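Swiss-Prot lists 300-361 with the feature domain 'SH3', giving sequence analysis as the kind of evidence. Residues or ranges marked as N-linked glycosylation site in Swiss-Prot: Asn59. The feature phosphoserine is assigned by Swiss-Prot to Ser166. Residues annotated as region 'Disordered' in Swiss-Prot: 252-276. What Swiss-Prot records for 1-32, 87-93, 144-367 is topological domain 'Cytoplasmic', and it gives sequence analysis as the kind of evidence. The topological domain 'Extracellular' annotation in Swiss-Prot covers 54-65, 115-122. Here Swiss-Prot flags 33-53, 66-86, 94-114, 123-143 as transmembrane segment, drawing on sequence analysis.
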Amino acid sequence: MSISSKIRPTPRKPSRMATDHSFKMKNFYADPFAISSISLAIVSWVIAIGGSISSASTNESFPRFTWWGIVYQFLIICSLMLFYCFDLVDHYRIFITTSIAVAFVYNTNSATNLVYADGPKKAAASAGVILLSIINLIWILYYGGDNASPTNRWIDSFSIKGIRPSPLENSLHRARRRGNRNTTPYQNNVYNDAIRDSGYATQFDGYPQQQPSHKNYVSSTALAGFENTQPNTSEAVNLHLNTLQQRINSASNAKETNDNSNNQTNTNIGNTFDTDFSNGNTETTMGDTLGLYSDIGDDNFIYKAKALYPYDADDDDAYEISFEQNEILQVSDIEGRWWKARRANGETGIIPSNYVQLIDGPEEMHR
């Protein structure tokens, strides 16, 4: 059996929520922004169509193209309601934004023709199209922005379903993860966690690493499986690995002197790394799934975090775990952009730090 087959655990298919796009009016009622904006749009449309019909029924001249703009606006309002009821707003954001932009041009053009016309009936029609233009501009700002934008997050914070997940932020996350993983295997995320926990943090992935103010643990299991198996490793990386090995050996010797009960643990640390970091037959204690975290005790998960958004683990990365929105997770390491965490069902792995928020007490779990 090759070393890589020992080190790499078999990827597990993450559990994903079933996406239900059936017609549900509660999807529309649960969003205060949708209810308020669409209700105002309907009222404005009624004012515009009423003023237009009254003005056209008299001998006053009425711009004919305004009729198409009013009908087009009605189609936009109906489409928005359907997208919300079927929970398809995020799937058609580009279409919604561009179609509303066209309606904005139609309404502003009609307002230009009606606002300077004489007669109270045309004044009512002009007031309706002006209100529709304002609402369309607000819609363009909202639907044209990503869910991670400040305005969208503030608006979605009033929704019963909470803040919507950002497809852009999620795709950038995974693209960065794949790019880092293809550069040097195990130099990112889990491997950096092992280096950081040993007190020797370096900049491997192009992003500045912070020195931790505390050490949660130095476990032989956490360091298992990260021996250097790359024949073309650069001298700089070898220097870091040698320094890390010396620190681990020093810690092992100190433990042997002070506590004889840890002899087995120190033996595992010595056997995990090859002395010259060659590609020889190096034994590893990596488990079949996430052995990296299998021996971490409950005492090491000293933090609690609340999931701000749902997250689906990457199929290509067996170390990531999925979680639901508002789920409470136990966290053992809060340094860097990826944290070690444990779910309530005992599943352990790494999670993106910007998808969760640390909580101090039980009262914050229900916010």
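These residue numbers are counts, starting from 1, taken along the chain as shown.
Note that Cβ sites are derived from N, Cα and C of the backbone, with glycine treated the same way.
The largest share of C-beta pairs under 8 angstroms with the transmembrane segment (94-114) comes from 123-143, of the ranges 33-53, 66-86, 123-143.
The DSSP secondary structure for the residue listed as 'phosphoserine' is coil. When averaged over the topological domain 'Extracellular' (54-65), pLDDT in the model lands at 81. For the topological domain 'Extracellular' (115-122), the residues of the chain that approach it from at least six positions outside its boundaries are 51, 54-55, 58, 60, 62, 130, judged by C-beta separation under 8 angstroms.
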